[in-house]
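The structure appears below as structure tokens.
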Amino acid sequence: MARQKFERTKPHINIGTIGHVDHGKTTLTAAITMALAATGNSKAKRYEDIDSAPEEKARGITINTAHVEYETKNRHYAHVDCPGHADYVKNMITGAAQMDGAILVVSAADGPMPQTKEHILLAKQVGVPNIVVFLNKEDQVDDSELLELVELEIRETLSNYEFPGDDIPVIPGSALLSVEALTKNPKITKGENKWVDKILNLMDQVDSYIPTPTRDTEKDFLMAIEDVLSITGRGTVATGRVERGTIKVGETVELVGLKDTRSTTITGLEMFQKSLDEALAGDNVGVLLRGIQKNDVERGMVLAKPRTINPHTKFDSQVYILTKEEGGRHTPFFEGYRPQFYVRTTDVTGKIESFRSDNDNPAQMVMPGDRIKMKVELIQPIAIEKGMRFAIREGGRTVGAGVVLSIIQ
């Protein structure tokens, strides 16, 4: 059977459910697919289908994530849901599932819980730009004043983590009662069941409140170099995948990282042995560089639009350290530890200068399984920017994953 072609007729958005364990994230994911299936815009997925999330690897870390897709009238969504709390932490730090927005699920019966706060904090740190709240289990709260108090508490919590708590849409409802209604009658239309209507209302809010993101092709050009070849009579070719932006033959780019930044002109572009006029984000290309010798270029450098990225050696980061069971270290480590930091296409040795916990208290050591903030100094400058992901490796195996919070130097 021929594979279906992916038709791009609507804007595409990546979204996910976040929140405390047992507050109803997976049930809500099922309810959304079922409610939208009833409107003819998606395929229904049962709770069991979503909950048995397959394992996937991102930056050497195994994560369980369920991916579902659905459509509203205006948009196509790819939705991620993780079964376990550790999976969320790993997912968000590794950027395995980049989110343009998130639906924060909070049980109206419990209000914000420790993991609710941890997920909001993580969303802020790793750059999830927008959150919409689903106040689940509304049917378990008889008192409307109590419901208002929980909503206020959620808004306050979001504001504490620098999200616009006063403006964020908060939609009460019951994922379970929606799923039950849709299981009995999969063809329910708007106006026939109040619980299903609340799910449709949630998706209307997601449609309007979460903006369509700037796509990678519209950003400043950047390509991490994976390999360098010398072609007799033509010059030096750098190969790699265009991470963002677009590039045309004749444009000027900078070579950034590991050595002094140099400027060069692109004299040719090739993909699958054919020459191109222009390369776009996602393309694997060979780039012919004018006036550059093979030994001027090495794996780990980047080609970028001039003055859009700089080489740095010191940064602050949020990291997750793998447990022994996940293939990580068996013992704690201390300040001064010198692992390799794998950034884009290369390993660079770095020294961990200091650790702090979420509330910025100093920490003495880091145990396998910890999530911690750390300041790092690399022995060589490389192209780094806020929000960039990296892996921490030791002797070729991954022992942690991180995201850059800020550049120090």
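Placed from the backbone N, Cα and C atoms, the Cβ positions cover glycine too.
Annotated domain 'tr-type G' per Swiss-Prot: 10-214, in sequence order. Taken from Swiss-Prot, the feature GTP binding site covers 19-26, 81-85, 136-139, and the record attributes it to similarity to another entry. Residues annotated as region 'G1' in Swiss-Prot: 19-26. Annotation comment: Swiss-Prot describes THR26 as Mg(2+) binding site, evidence class sequence analysis. Taken from Swiss-Prot, the feature N6-methyllysine applies to LYS57. For 60-64, the entry in Swiss-Prot reads region 'G2', with the evidence type similarity to another entry. What Swiss-Prot records for 81-84 is region 'G3'. Annotation comment: Swiss-Prot describes 136-139 as region 'G4', evidence class similarity to another entry.
With helix defined as DSSP H, G or I and strand as E or B, the region 'G1' (19-26) counts 2 helix, 0 strand, 6 coil. A gap of 8 Å separates the Cα atoms of CYS82 (GTP binding site) and THR26 (Mg(2+) binding site).
Looking at LYS25, LYS57, HIS85, the recorded positions in this record, the fewest other C-beta atoms within 10 angstroms of the C-beta turn up around LYS57.
Between the CA atoms of LYS25 (GTP binding site) and the residue listed as 'N6-methyllysine' there is a gap of 22 Å.
Of the binding-site residues ASP22, GLU138, GLU138 has the largest number of other Cβ atoms within 10 Å of its own Cβ. In this structure, the CA atom of GLU138 (GTP binding site) is 36 Å away from the CA atom of LYS57 (N6-methyllysine).
Taking CA atoms as the reference points, LYS57 (N6-methyllysine) and ASP22 (GTP binding site) are 25 Å apart. Residues in the region 'G4' (136-139) partition by DSSP class (helix H, G, I; strand E, B; coil) as 2 helix, 1 strand, 1 coil. Mapped onto three states, the DSSP output places the residue listed as 'N6-methyllysine' in strand.
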